[in-house]
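Q: I am attaching a structure below and will ask some questions about it afterwards.
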Amino acid sequence: METQGKVITCRAAVAWVAGEALVMEDVKVDPPQRLEVRLRILFTSICHTDLSAWKGENEAQQAYPRILGHEAAGIVESVGEGVEDMKAGDHVLPIFTGECGDCRVCKRDGANLCERFRVDPMKKVMVGDGKTRFFTSKDNKPIYHFLNTSTFSEYTVVDSACVVKVDPRFPLEKMSLLSCGVSTGVGAAWNVADIQPGSTVAIFGLGAVGLAVAEGARAKGASKIIGIDVNPNKFPLGREAGISEFINPKESDKTVHERVMEITEGGVEYSFECAGRIEALREAFLSTNSGVGVTVLLGVHASPQLLPIHPMELFQGRSITASVFGGFKPKTQLPLLFTQCLQGQLNLDLFISHQLPFSDINEAMQLLHQGKALRCLLRL
């Protein structure tokens, strides 16, 4: 391509101040350096992690100006020195947590937080040289990166360890969902909890991640899936995802875990906290069966509060763990998930509630913030 090796000027949605509207403006994007890839982003969407960073809920994420975004799909524009597993024109997903393939974590089964390229909310520059690849077009001032990806831009530069190739037969607009939310939920059910056929499941929070957990649980043959959310408007989509029972905490005099105990006659085998609330985590833990219960933490918790669990409660046969990106190793395990989606094992159409042009990104942010959207797919 004629842009290879050159600085590209393109449109990006830049966060200048926490909580204020993103500013659509021209930015400069440098060429990729060694072991980096420059991508042309075709589709991106907004995750609650983007929303949290936009609102400035986590001080570690407050580096401005910054280009947010991490759930996306696109095409390789050019590659830097040493990149051998992809080339210009390849269809790809940028992934917020990478896989170098060489560290002790990458070489270990069941672990996916690469020592060098794992997700890091505090990281704002590239790994290779500690510099940014984004600059303002007017005065050439640096614009910082976000979660290894920065996809709210027509072009972005990503470490090659954080890029996964996609078979060109697969529709990129749907595959983009697998770069974060859907993979996180499905993987939590498949890889982390390892849901067994005939088991019972409770899901706290029915956003995109929670519904992805339900899709994963249904695919694994769960006999009963219970969905918990304060917004009953989410229940119809929950039914499509395989949820058979619903609990609205606002409509019951009993606690949620008491209702779950009644429905399941003793508690579920697996519970998933996808709401990012300490109270929900406590209820999720208590909703599991005493003896075999497993609670998986998925929600992003901006609060400084600690786990609401007494150590002695863990001696009752219940356990708790957390999951990042559903336990998937992105480069080695996502291609199989792509194929499973193409075969119809998961319904990706369920998750796209809105489709908007990139210029309407602030409207998309508000829709998610107000709980009126599951995923807004933005076309660049």
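Start at 1 and count along the chain as shown; that gives each residue its number.
Note that Cβ sites are derived from N, Cα and C of the backbone, with glycine treated the same way.
Below are the features I grabbed from TrEMBL:
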type: DOMAIN; residues: 36-167; note: domain 'Alcohol dehydrogenase-like N-terminal'
type: DOMAIN; residues: 208-327; note: domain 'Alcohol dehydrogenase-like C-terminal'
Q: For the domain 'Alcohol dehydrogenase-like C-terminal' (208-327), provide the mean pLDDT of the predicted model.
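A: A mean pLDDT of 95 is what the model gives the domain 'Alcohol dehydrogenase-like C-terminal' (208-327).
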Q: Could you count the residues of the domain 'Alcohol dehydrogenase-like N-terminal' (36-167) that DSSP puts in helix, in strand and in coil?
A: 14 helix, 39 strand, 79 coil
Q: Would you list the DSSP helix, strand and coil counts for the residues of the domain 'Alcohol dehydrogenase-like C-terminal' (208-327)?
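A: Its residues divide into 51 helix, 22 strand, 47 coil.
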